[in-house]
Amino acid sequence: MILVDWAYHVYMKLLTPSVHVFSYVDNLTAAGFRPLQVVSAFFSTMGFFKLWGLSLDLDKSYVWGLTPQCRQIMAYLGLSLKQDVLELGGNMCFGRPRRNRLLKARALLLTGKWAKLRRSRAPAAQKVAILPASFWAVALHGVAICPVPDGHLHDLRQSANKALRWNQAGSNAMLRFALQPNMMADPGFYHVMLVLTTFQRICRGSHTLLACWRWWFQSFQGDLQQGPFSVLLTTLTSVGWELVDPPWIRDHLGGDHDFLLMSGPLMKQLIQDAWLLKVAQNVHHRPTMAGLTGIDRHVTVETNTTLTAHQLSLQMALQSGTFIDTWSHSKYDKSKQGYCQVCDCPNTHQHLLVCSKYQHLREKFSLTSAELTSWPPCFAHHLLCPRSPFVDALRAYFLNVPDKSNIFDSGPEADEVNHLFTDGSCFAHGRRETHLAAWAVYNATTQRPLGTGPVPGLEQTIGRGELSALVFALRWALHFQVKTHLWIDAKWVHDGFQQRKRHTPNGDLWLEVDNLLANGAAHLVDSSWIPSHLDLARCESPFEEWIARNNAAVDVMAVRCNHERPQSLWTLVNQQRDWDQCWRDRLQKLRHYYFHIYEITHQPPSASEVIPVVSSDEEENEGSLYSFADVLSGASDFCTFQATTGFPFSFLQNLMSWIHDHDDCEEVPRPVSLLEVTVGLLHFDPIHFPHRNPTTGEWTDQDRLLLFERPTLAYYLGIVQKTFQYLATQFRSLDPILRSINCLNLGVHIPQKGIFLRLPRALRSDINMMLGGFTRTRPVRRSADLARPL
C-alpha cells in the first residue's frame, strides 16, 4: 500500500497540480480551492485506481465545502455531503461553525462500562486507576482539534462519580477527583494535559506547524474556530495561562516558558497547581470552604501514604465536602436527630470541633477547641490545606537566578589537552519547590576551578545540574579553542553526548549542547565516563588516584555552590519547611480526630439488629472489572516492541488480533493463565510464533508445523510471557498482569501469571481439555515439566 500511495501522489501531482492530496494507508483526501478542481481530482483518482485493479468505496466516501455554493456544486457528484465527520477518530468540522456533536456522542459508548464499574467489587484505587486508560481515552479521543465544553466534562465527571458511589450529599466531584493520587483521573485535568502534550509533541516533530501557529496568532481577531490553535488557546485560558508569542506561553504565576522546550514533569507540576487553584475557586463560596484560595497538594495529598484504604476513603469523602453532621442530614432525612443531645444545640459541623462529647478525643490528640476554631474553615472542616504563602516567592527566585555558564574563572593550559571534570549537585529534600541544584567544572590539567553556579529555572534536578556543567565545558572549549577531554560521572550524560542523541527531558539543555557541537565543539571535545565518589584509599593505581582526587574536587565545588546561596533564599526555604511540618502535624492530629468520631458514631449494630442481605445472582456472578482487550484499547503505540523484545512486530499484531477476535462482550471477564493463552494461540485459530534463525540470529514468524524440530510448550510460554510483560510496562498507572493463578484443576501445580479475558465458554473448555490431556500423564509440578512439545 505504501507503493500505491507513493504512485498516487506522483500521479496526482502531474495530473491535478492545483489540488492538495493526502493519504494514510487506504484513506485518501483531495482538497482544493475551487470545486471543479476537486471534481477533476475525484475522477482522476478513480482512473488511477482502475490501473491497479482497485476501486473506491463510494459508500464511505464523502465531499465537503466551506461555502453554500461549493457544497451545491459538490453535491452533483452524488456522494454524501458532510459538514462534520469522524475521520481517523478525530472530529473534523468543515466551515466556520464549531461542532462537537460526534465527539460528545462518544460518551454513549461508556454506558455499559459505567454499569460494570458500579457493580464491580474491585478496590476503589483500582477503579480510579483505570479511568484514564479505559474511559477518558475513549470519550476524549481527538480533543486536540475539537472544542469540548465544560458541561461535557462535568457530565463525564458526574458519571464516574455515580459509578464509584461517591455521590454522597454535599460531595463535590471535581474536588474529589482533583485530590486523587493521579490527577489524570479527573476528565477536566486529563483534557488539559492531553491537549497540551499532544500539541507539543506534534509541534516538535513538524517543521511547518510552528510557522502556521505564529501566522494564526498574528492574524487572530478573537474569533475562535475549529482546529488545534483555538483549542490550545481556550485550554490555556481555562487554567489561567496565556499565549504570549508562539512558542512562548505565560503560566498562572506570570512565568514565561518556551512551550516546545518545556519538560513534561515541569508542565504537569504547574498545571496541577493551576488546576487546584481553579478547583478552589469553584468551591470556596461554601461557608465551610472559607479560606481556600488554593490547595497545597504536597500536604493535602502526598502525605497519605500511611493511611489504610478505609481511612483514605473517609478522608477523601471529608475533603470533597461530604456532609458528616446530623444537622445537615436532618434537613432531608427525618430519621436523623439534628440537635446534639449533650449540648442541646444544632449538631453542625462546626459544633463537632467544640462538642463536650468529644473532649477526650481532643485531649488524646493534643487539640483544643480554641485552636480548632482558629484554623481556616477549609482545613478545620475538610482537611484541605491552603496553598503555601512561600511557594510563589521561591518560584520567583528560581526564575530570576542568573545563568553563569558564560563566566570563565580561568583559562586553559596552552598546547596541551585540558582534562575537565564536570559534576552536578542537588539538595532534594522536602517539596519540589525547595530543591536546589548547582553545577561545577574543574580543570585537572591546571588544578584550578573553571566555573560553578546555580541551575537557573524552576526545574531544580540533578540531571539539569549535570547537563549545565556539560554546557559550560563545551562553551569554555569553544571560547578558548583548545583540545579538551571531559570526565563525566553521569553515565546518561556521557552516553547522550557520545551518541549525539536528543533527549526529551531537559530538551532545552540538549538543544544547547547540539548547537555548541555544531559550532565547532565537536572537533575539540571528547569524553569518558568515570564512577562517582571513588574511595581514594581503595585506589589501585596512580591513574585511579588522579581520577578520585579530581572528581572529589569538582564534587566539593558543586556542593559548596549549592550551600552558598543568598541568606534570603535559605530564609524562604526554612520558612517553607517549617510551614510544611506545622501543617503536616496539624493534619495528622485532626484527621485521626475525625476518624475516631466516625468510629464512635458508626458503632456496629447488635446481633438482634443485623439484617442479612442476599446479593443478586448478577452481582455474585460478576467477574473482574475489565478484560485485557479493554486495556489494549487504551493504548495507541507499541513502536518499541521489536527493539525491546527482539520479536517481529507482526507477532504482536497477530496476538492482539487474536485477543480482540475472541473477546466475547456477552461473557464476564475471568482470570485466564498465560499458559492457557499460549495453548489457545497454538491450537485454536493458531498464529505464527517467532523463531530465531540459527545462522543470522534474527527472529521471524514461522508455522511451527513446518519446523523440523518442534519447540516445547515452555519455549512458546516464554515468548508469550515476555510479550505480555512488555505490554504491562506500557500501562504504568495499571498493572494488568495477575499473579499466582491456581491451575490445579488443569494438572498444573505451579502458580501461573495471567490476565482477565472474556473468552467464549466453548473456546475456554476446548483449551482446558487440550491442556488437561497434556498434563494427564505427567502433571506440571516444576518448570521443567513444560519442556516438551504440546
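Cβ from N, Cα, C; glycine included.
Listed in TrEMBL for this protein:
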- 1-81: domain 'Reverse transcriptase' (DOMAIN)
- 414-563: domain 'RNase H type-1' (DOMAIN)
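Helix, strand and coil counts under DSSP for the domain 'Reverse transcriptase' (1-81) come to 41 helix, 14 strand, 26 coil. In the predicted model, the domain 'RNase H type-1' (414-563) shows an average pLDDT of 93. Applying DSSP to the domain 'RNase H type-1' (414-563) sorts its residues as follows: 71 helix, 35 strand, 44 coil.
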